[in-house]
Amino acid sequence: MKLLAHILFLALAVVLAQCDEDTSAVPDRCQGLEMDAVAVNEEYIPYFFKGDHLFKGFHGKAELSNESFAELDDHHHLGHVDAAFRMHYENSSDHDHMFFFLDNKVFSYYKHKLEDGFPKDTSEVFPGIPDHLDAAVECPKPECDADSVIFFKGNDIYHFNVQTKAVDEKEFESMPNCTSALRFMEHYYCFHGHMFSKFDPKTGEVPRTHPKEARDYFMRCSKFSEESDHVERERCSRVHLDAITSDNAGNMYAFRGHHFLSKDGSNDTMTADTIENAFRELHSEVDAVFTYQDHLYMIKDDHLFLYKVGEPHTHLDGYPKPVKEELGIEGPIDAAFVCEDHHIAHIIKGNKIYDVELKASPRVAGNERTISLFDNVDAAMCDGTGVKVIKGNHFYHFISTHGFVAGRSLPEQHRVSLELFGCDH
C-alpha cells in the first residue's frame with residue numbers, strides 16, 4: 001500500500017511539473033522580453049512575435065503563431081520568426097502583403113493566407129539579402145530615397161529597392177543591433193532586448209534620449225520599470241486610451257490601463273498617477289468616463305462609479321451602482337461624453353450612440369442613431385472646440401455631436417501623443 005501511494009505521489013509530481021513547464025512556456029511581455037520580430041497587419045495592428053507565440057496589439061495574452069499563420073508550421077517547424085514586415089506600397093504587386101523570414105525561407109501572406117508558390121528562398125525574392133536575418137522593416141518614399149525594405153543582420157544593414165531590387169549596404173554606427181524593427185506612425189523603431197531606439201531610416205541617427213524601455217511605450221502593463229518617467233510614458237505611449245474627458249475648467253483626464261494622465265487647464269501642467277491611487281474603488285482599467293457638474297462619472301463593465309472632482313477626488317457613498325440603473329442602458333460601454341453646459345450624456349456602444357437626459361428621473365437612453373464613420377471607438381470627449389473621437393493612436397475633431405454622428409467623410413487625422421499631449425517623439 002505504501003509503495004502504491006509512493007508511485008501515485010511521483011506520478012502526480014510529474015504531472016504538476018509538466019503543467020508548470022507548459023505554463024511557463026507561454027511568454028509574458030510585461031516581464032521584459034526580447035521580441036523576435038514585429039510587423040503591422042493590414043489594419044495597422046502590431047504583431048509581436050516571440051518564439052512560437054504571437055502578441056496581437058499592445059495588450060492581451062500570447063497565442064500560438066500557427067493559429068493565425070498555420071503554414072509557417074506546415075512548411076517549417078515554427079521555433080521562431082527571424083524577421084517580418086508588411087509591404088505597403090500602392091504601386092507594388094505585393095501591396096499589403098506580410099512577409100515572414102525563417103532561416104533561409106520567406107513566406108508571403110495576403111489577408112492571412114499564404115500566397116501560391118511560397119515559401120521561397122530569401123535570395124529568390126530579395127536577391128542580395130542574406131539568410132538568417134535579425135530584423136526587417138518597410139521604408140516608403142520619401143522616408144527613404146525610394147520605396148525600400150531595410151534588412152538587419154548583426155552589424156550589417158541593407159536597403160533593398162523594391163522596384164529595381166538593387167541593394168545598398170549602409171553603415172549606421174550609432175545604431176544598436178536590432179532583433180526586430182517596426183515602422184509605426186511614420187516613425188522607425190529598433191528593438192534590442194527589452195529596450196528600443198528610435199532611428200532615422202536614412203542615416204541611422206538615434207536621439208540622445210534613447211534607448212527607452214519597450215514596456216513603457218509599446219505594451220500595456222500594470223507595472224513599469226523603476227527608471228520610468230511616468231508623465232512622459234503616458235504622454236508618448238503607443239497604447240490606445242481607454243477613456244478621456246475634460247471639465248468646464250479645461251482640465252483633462254486620460255485613462256490607459258492601470259494609469260491616467262491629468263492636464264491642468266490653467267497652466268497645461270501634466271501629471272501621471274495610478275488609477276488605484278487616485279480612484280481606489282475602481283482599481284484599474286475603465287471603459288468610459290464623462291464629466292458633469294464637477295463630478296466624474298466612471299464606467300467599468302456594468303457599474304458606474306461617481307467621484308466629486310477635487311484634491312483628492314471623493315468617491316460618493318452608495319456607488320458603484322449598475323449602469324442600467326443610473327443611465328438606462330446596459331453596460332459595457334465603449335465611450336461617453338457630455339458637452340459644456342449641456343445636460344445630455346452621449347453614450348457610445350459599437351457603432352450606436354444614445355442620448356441620456358441627466359436631469360431626468362429616471363434616466364433613459366434614447367434617440368438611438370448609427371455612427372456612419374466608425375464601427376467602434378476607443379474614447380471620446382467634448383469641449384469648447386467640439387467633439388474629439390479617439391481611435392487607436394489618432395483622433396478626429398468634429399465641430400458638433402451631429403457632425404460626428406451624421407458625417408460622411410473623416411476629418412483630418414491627428415496624433416493623440418503629439419497633438420493632445422505634446423509628445424515630440
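Keep in mind that glycine also has a Cβ here, set from the backbone N, Cα and C atoms.
The record in TrEMBL lists a disulphide bond between CYS382 and one of CYS339, CYS423, namely CYS339. Looking at CYS178, CYS221, the record from TrEMBL puts CYS190 in a disulfide bond with CYS178. The number of other Cβ atoms within 10 Å of the Cβ belonging to ASN177 (N-linked glycosylation site), over all protein chains shown, comes to 15. Here the repeat 'Hemopexin' (78-129) has, by DSSP, the following mix of helix, strand and coil residues: 4 helix, 21 strand, 27 coil. Summarising the environment of CYS30 (disulfide bond), the number of other Cβ atoms within 10 Å of its Cβ, over all protein chains shown, is 14. Under 8 Å from some Cβ of the repeat 'Hemopexin' (130-174) lie the Cβ atoms of residues 37, 82-89, 91-92, 99, 101, 103-104, 122-123, 180-183, 186, 188, 190-191, 199, 201-206, all in the same chain and six or more residues away from its ends.
Figure note: comparing Cβ neighbours within 10 Å for the disulfide-bonded residues CYS139, CYS190, the maximum is reached by CYS190.
Distances between the Cα of CYS382 (disulfide bond) and those of the recorded positions CYS30, ASN177, CYS190 are shortest for CYS30. With DSSP classes pooled into helix, strand and coil, the tally for the repeat 'Hemopexin' (283-330) is 5 helix, 21 strand, 22 coil.
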